[in-house]
Structure formats: C-alpha cells, structure tokens
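Asks: Just passing along the structure, written as structure tokens.
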Amino acid sequence: MQQLRLEPIHRVQGTVNVPGSKSLSNRALLLAALANGTTTLTNLLDSDDIRHMLEALTLLGVSYQLSEDKTQCTVIGNNGVFNTDGNIELFLGNAGTAMRPLCAALAASHGEYVLTGEPRMEERPIGALVDALSQVGADIDYLKSNGYPPLHIKGKSLSGGKIQVDGSVSSQFLTAVLMAAPLFSSDSEIEIVGELVSKPYIDITLDTMAKFGIDVENQDYQRFKIVGNQTYQSPGTFLVEGDASSASYFLAAGAIKGGVVKVTGVGAKSIQGDIKFADVLEAMGAKVTWGDDFIEVTGAPLRAIDMDMNHIPDAAMTIATTALFATGTTKMTNIYNWRVKETDRLAAMATELRKLGADVNEGHDFIEVTPPSQLKEAAIDTYNDHRVAMCFSLVALSDTAVVINDPGCTAKTFPDYFERFASISE
Ligand SMILES: O=C(O)C1=C[C@@H](OP(=O)(O)O)[C@@H](O)[C@H](O)C1
Ligand SMILES: C=C(OP(=O)(O)O)C(=O)O
C-alpha cells in the first residue's frame with residue numbers, strides 16, 4: 001500500500017480551479033446519450049466515476065469523442081432509449097451516479113443487462129429504486145443479495161403512472177426515476193415516501209433535465225409530475241461547473257490557515273448544493289467572499305458549530321476535520337446516510353479522528369468532534385474512500401505531520417488532489 005506523508009504546512013494561499021463536477025458530468029453524459037442531437041460537454045471531470053459511465057456508454061453502443069485530456073466529450077445522442085443485443089455486463093466501480101441512473105434508464109431500454117461494481121457497491125442499497133421501477137413494470141432481479149447490486153435487468157417499455165419512491169436513504173433513487181420518467185410511455189406522478197435526504201442533488205437533476213429540454217413539475221419535493229413519451233433534446237453544448245464538493249478541501253484550508261484561498265469554476269451561481277459549505281465555514285468564523293464563478297475564503301479563528309448537515313452530505317465530511325481547528329465541540333447531525341456511501345463514513349471518521357487524539361462521540365446519525373490540545377501524529381486509513389483521504393489532508397495544517405494511507409483512492413473524483421493541495425501550501 002502506498003502512503004503519503006504530509007509535513008506541517010505553515011500557510012496556505014492561492015487559487016485553485018477545481019475540476020468538473022462529478023454529479024453534473026455523469027448526469028449530462030447520460031442525458032446526452034439519450035438525447036436527440038449531438039452534445040459537446042466541456043470541463044468534464046476526468047476521474048474513475050466518470051470513466052465508468054463512459055465505458056458503460058461505449059458498451060451500450062453510444063458514439064462519443066473524448067479529447068486527449070478527457071475534459072471535453074462530444075456525444076452523439078441515441079434519440080431515445082438504448083437498443084442492444086445480447087446480455088451486456090456493465091462494471092460501474094463504486095459510482096453511485098452511474099449505478100442508480102443507469103439502472104433506471106436501462107430498465108426502460110431494449111436489451112438485457114447485468115450491472116456490477118466493486119465489492120463495496122454490493123453493500124450499497126438499491127432496493128428502493130428497484131421497488132419504485134417495479135411499480136411501472138420494470139423487470140429487475142438481484143443476482144446476489146436482495147436489495148443490492150449486482151442486478152440483472154430485462155429492459156422493456158415502462159408504463160409510467162403513479163410511482164412511490166422512498167427518499168430516506170439516498171436522493172439518487174429519485175434522481176434515477178426522474179431522469180428515466182420522460183422515457184416511460186405515459187405521464188408519471190412520483191410521490192416521495194419517507195423524508196427526502198440530500199435534497200439539493202434533486203435541484204442538480206432537475207436543472208440538468210431542463211437543459212436537455214425536459215421540464216418537471218416539482219410540488220415542494222413531495223410530488224413530481226413528468227410528461228411521458230418525450231425525448232431529451234441536446235442543448236448543443238453543456239459546460240460542467242467545477243465540483244463544489246472538491247472545492248470544500250481548499251476552502252477549509254483557507255479558513256484554517258489562510259492567507260486567502262480562492263476556488264474558481266464554482267461560485268454563487270452554481271446549481272450545486274455543496275456551495276453551502278462556504279456558509280458553514282462563515283458560521284465557524286471564516287471570512288467568505290462570493291463571485292458568480294468563484295468563492296474566496298480568508299482564515300480567522302474558528303469556533304465549533306452544531307448543525308444539521310443533511311443538505312451537504314459530501315462536503316460535511318470536510319467539516320469533521322475542520323472541527324479539529326475550532327474551539328469547542330462541533331456537532332454534525334442528520335447524516336445517517338454517511339453509513340451507506342463509499343464506506344461507513346460515520347464509523348471511519350470516528351475511528352480516524354480518535355487516532356489523532358480527538359474526543360469523538362459517534363451516534364446513529366450524528367457525530368460530535370472535540371479537538372485535543374495537541375494533535376497526535378497518525379497514519380490515517382482511508383477505506384478506499386476518496387473523501388476520507390482528502391479531508392484528512394487538512395491535519396497537516398496543524399503543527400503535526402499526517403500520513404495518508406492509499407492516497408490514490410482520490411481517483412474516484414479527484415485524481416490529482418494532493419498535487420493541487422500542495423500548490424496552495426507553503
Ligand atoms: O446525486 C448525486 O450526484 C449525489 C447525491 C448524494 O448521494 P445521496 O443522495 O445518496 O446522499 C451525494 O452524496 C453523492 O456524492 C452524489
Ligand atoms: C457518496 C459519493 O459518491 P456516489 O456518487 O458513489 O454516491 C461521494 O462522492 O461522496
């Protein structure tokens with residue numbers, strides 16, 4: 001296993017243009033593939049999650065041209081659902097944004113598919129999505145455990161109608177049904193059961209669908225109405241915003257040890273809910289300046305906060321390590337679904353924060369972090385979770401070095417994260 005030792009960083013300063021958003025890249029690729037017309041995506045993210053979507057599209061017969069640096073992709077739309085022969089097996093790594101939306105789109109396509117992934121993907125739930133799609137006639141079987149990938153899908157025309165979606169574990173199930181619903185043969189009315197988690201990701205979905213010509217009636221995130229038998233229309237070009245979750249590490253570094261740190265490519269006009277991470281830093285005492293296409297943070301003494309972080313599940317992990325630099329006990333609540341992501345993130349964060357000497361209280365759906373007076377040097381296990389690796393890099397902003405085990409796991413969403421982090425470190 002590789003290890004990366006980060007020596008104490010005395011100051012951070014500079015500008016980082018963050019790579020494209022994972023959530024937008026994979027949504028736009030799928031809709032471009034289903035659309036009528038050719039779409040050129042720019043600022044596409046080049047990372048494992050996007051590679052899995054691209055490889056799946058290749059196997060589904062979609063033609064596209066990827067630039068040498070893999071950040072521009074011209075996709076020739078299929079003008080509707082996929083039509084394939086034989087049994088096609090798609091390996092989707094640990095990419096939720098590939099597994100869930102493709103499951104729904106393929107259930108409504110013509111062909112037979114097996115969807116697989118990394119071992120952890122087989123522990124990430126998908127039953128709520130399969131149950132929702134079954135209500136409109138989908139034919140999906142579990143190949144190993146009920147409720148989890150791998151899946152066998154016999155694609156067929158799906159009817160539309162009334163669909164109940166349990167939104168309490170992942171918003172990606174609703175996203176998947178929403179993106180497939182225009183392909184159903186008649187109109188759909190989706191009703192949410194349970195409390196919808198990670199709600200801002202639904203705004204990303206609806207906004208991307210609108211850019212591809214499909215409007216959804218959103219009744220307060222409780223009910224959604226979508227006209228059936230429609231075709232996505234290519235917008236011609238689609239600019240992928242910078243990734244707001246990836247921005248969180250640099251913004252936090254600025255708050256902890258700035259100097260001034262500016263991220264570009266994402267700003268006040270972003271559709272991504274994770275820009276609200278900057279508001280959390282502000283509530284902790286940092287100075288935040290917003291532009292349409294940038295966010296800038298200046299460091300200041302930080303104080304602990306007590307906050308519901310359900311709306312920013314990914315960027316919230318960055319607060320768990322930022323808490324090491326804040327006076328008092330930081331409490332982050334309503335984050336149960338950290339447990340069903342790349343790893344059980346509540347358990348992983350608690351274990352690794354304790355190695356540094358922090359006092360941690362881990363609950364079913366919350367975590368409380370109290371920093372020690374002096375951090376201990378530790379080797380941080382990353383559990384094949386890119387965000388664990390990235391958020392613990394912040395420890396080097398103390399006067400204690402930190403070792404990150406398996407730093408290459410950032411490839412899921414941010415392959416050159418550590419080089420970018422070094423570029424603002426002095
Ligand atoms: O729709 C999306 O692009 C995502 C939704 C969120 O997942 P949940 O809805 O499962 O919380 C988020 O954690 C994930 O990284 C990306
Ligand atoms: C939860 C995440 O990924 P996924 O899209 O696989 O759910 C994440 O990137 O933090």
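Glycine residues also receive a Cβ, built from the backbone N, Cα and C atoms like all the rest.
Quick caveat, the model's predicted, so the values are computed rather than measured.
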Asks: Quick check on the annotation: TrEMBL has Lys22, Arg124, Gln172, Arg345, Arg387, Lys412 binding phosphoenolpyruvate, so which of Gly86, Gly96, Gly147, Gly194 does it put in that site too?
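Replies: For the phosphoenolpyruvate site that includes Lys22, Arg124, Gln172, Arg345, Arg387, Lys412, TrEMBL also lists Gly96.
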Asks: Between Arg387 (phosphoenolpyruvate binding site) and Lys22 (3-phosphoshikimate binding site), what is the CA-CA distance rounded to a whole number of Å?
Replies: 13
Asks: How big is the Cα-to-Cα gap, in Å, between Arg345 (phosphoenolpyruvate binding site) and Asn337 (3-phosphoshikimate binding site)?
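Replies: About 9 Å separate the Cα atoms of these two residues.
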Asks: List those of the recorded positions Gly96, Arg124, Asp314 whose Cβ lies under 6 Å from any atom of ligand 2, in sequence order, or write none if there are none.
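Replies: The recorded positions passing the 6 Å Cβ test are Gly96, Asp314.
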Asks: Out of Lys22, Ser171, Ser198, Asp314, Asn337, which of these recorded positions is nearest Arg124 (phosphoenolpyruvate binding site) by C-alpha distance?
Replies: Asn337
